[in-house]
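Copied over from TrEMBL, here are the features:
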- 73: active site, proton acceptor (ACT_SITE)
- 22, 23, 24, 69, 94, 109, 226, 254: shikimate binding site (BINDING)
- 85, 135, 136, 137, 138, 139, 159, 160, 161, 162, 163, 164, 224, 247: NADP(+) binding site (BINDING)
- 14-96: domain 'Shikimate dehydrogenase substrate binding N-terminal' (DOMAIN)
- 130-199: domain 'Quinate/shikimate 5-dehydrogenase/glutamyl-tRNA reductase' (DOMAIN)
- 247-269: domain 'SDH C-terminal' (DOMAIN)
Ligand code: NAP
């Protein structure tokens with residue numbers, strides 16, 4: 001009896017607008033190569049107007065799934081047929097795949113954030129009473145969810161636009177409060193954890209102009225920004241005796257579960273993968 005012919009190699013992609021900056025193809029390409037799997041991962045630049053119909057026709061376009069990045073994550077949530085509890089909790093989807101032809105969506109930024117801290121600041125959540133989160137956008141929402149999942153007692157959100165911080169606090173309930181951006185210096189002394197979830201400090205964006213005076217040595221400071229890898233925030237935090245975690249770990253860890261859905265193996269975030277992406281960042285943004 002002859003064996004059934006193998007199907008076509010699975011294809012996945014990242015969908016964004018723009019998308020050429022994305023390092024996801026590098027990450028997934030590395031895993032495909034090192035695991036010796038057939039498959040490919042590309043980029044699709046799709047406008048907001050075209051996105052819903054693009055996603056609905058993903059399978060007809062030959063894809064087994066995709067990652068979704070700015071500005072499509074909320075639209076992806078509205079378009080998938082089945083969303084995980086995590087995606088439903090945030091109303092944001094960044095990873096899409098098919099089960100029996102049905103379009104599923106998840107938010108893997110939450111696990112990406114938590115896994116990155118677990119790997120690079122072990123024990124970070126043990127007894128953590130208070131976390132400060134700068135920013136109230138999509139990244140902040142996933143980060144707050146991750147902090148609450150890991151039983152951080154209280155999360156204070158500070159944002160340029162106060163209303164957005166208050167909306168986010170209401171969304172999560174009584175363990176999350178909003179504060180004014182100017183209150184940071186008073187709040188720092190009680191913080192076990194400080195997270196930058198704004199785009200400030202990223203190459204090409206304004207600096208994150210905050211003083212870390214009062215930060216407790218031993219606090220954990222992490223930045224969602226990963227270009228540059230060592231942001232001025234992390235440099236100052238380290239100088240003050242804090243444990244620091246850069247934003248690249250979150251990017252690498254959020255990618256793993258999508259890969260498993262599309263290509264059938266759960267990949268590892270290894271030092272080799274990190275070195276590959278660091279080299280790429282340094283090539284495109286020399287220090
Ligand atoms: P977003 O939804 O557009 O939110 C942007 C946030 O930055 C908002 O809180 C915004 O404040 C604040 N902000 C922007 N410009 C500002 C300024 N000039 N002054 C003060 N605040 C300013 O973006 P996002 O998706 O949350 O992404 C935020 C950052 O996280 C980006 O750098 C992104 O690359 C990074 N990120 C990293 C990962 C990772 O895996 N490491 C994952 C997701 C995102 P307002 O509300 O006042 O506008």
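Quick reminder: no glycine exception, Cβ is built from N, Cα and C everywhere.
Projection of TrEMBL feature records onto the structure.
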{"residue": "22", "record": "shikimate binding site", "Cβ contacts under 8 Å, 6 or more apart": "14, 16, 43, 69"}
{"residue": "23", "record": "shikimate binding site", "Cβ contacts under 8 Å, 6 or more apart": "251, 277, 280, 281"}
{"residue": "73", "record": "active site, proton acceptor", "Cβ contacts under 8 Å, 6 or more apart": "92, 93, 94, 138"}
{"residue": "85", "record": "NADP(+) binding site", "Cβ contacts under 8 Å, 6 or more apart": "none"}
{"residue": "109", "record": "shikimate binding site", "Cβ contacts under 8 Å, 6 or more apart": "92, 94, 138, 139, 142, 143, 250, 254"}
{"residue": "159", "record": "NADP(+) binding site", "Cβ contacts under 8 Å, 6 or more apart": "134, 135, 136, 140, 165, 168, 178, 181, 198"}
{"residue": "163", "record": "NADP(+) binding site", "Cβ contacts under 8 Å, 6 or more apart": "none"}
{"residue": "226", "record": "shikimate binding site", "Cβ contacts under 8 Å, 6 or more apart": "246, 247, 248, 250, 251, 281"}
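Within 10 Å of the Cβ of residue 254 (shikimate binding site) there are 26 other Cβ atoms, across all protein chains.
Cβ neighbours within 10 Å of residue 224 (NADP(+) binding site), excluding its own Cβ and spanning all shown chains: 29.
Checked against ligand 1, the recorded positions 22, 69, 73, 161 give 161 in sequence order as having a Cβ less than 6 Å away from one of its atoms. In this view, the densest Cβ surroundings among the binding-site residues 24, 69, 161 belong to 24, judged by other Cβ atoms lying within 10 Å. Within the set 85, 135, 136, 137, 138, 139, 159, 160, 161, 162, 163, 164, 224, 247 that the record links to NADP(+), no two Cα atoms are more than 29 Å apart, and one pair reaches that distance. Sitting within 8 Å of the Cβ centre of 22, 23, 24, 69, 94, 109, 226, 254, and not among those site residues for shikimate, are the Cβ atoms of 14, 67, 251, 255.
Between the CA atoms of residue 161 (NADP(+) binding site) and residue 24 (shikimate binding site) there is a gap of 30 Å, rounded to the nearest whole number. Fewest Cβ neighbours within 10 Å among the binding-site residues 94, 136, 138: this applies to 138.
Across the structure, residue 224 (NADP(+) binding site) and residue 24 (shikimate binding site) place their CA atoms 16 angstrom apart. Put simply, the two farthest-apart Cα atoms among 22, 23, 24, 69, 94, 109, 226, 254, the recorded binders of shikimate, are 18 Å from each other. Per-residue confidence over the domain 'Shikimate dehydrogenase substrate binding N-terminal' (14-96) averages out at a pLDDT of 97. Residue counts for the domain 'Shikimate dehydrogenase substrate binding N-terminal' (14-96) under DSSP (helix as H, G, I; strand as E, B; rest coil) come to 31 helix, 17 strand, 35 coil.
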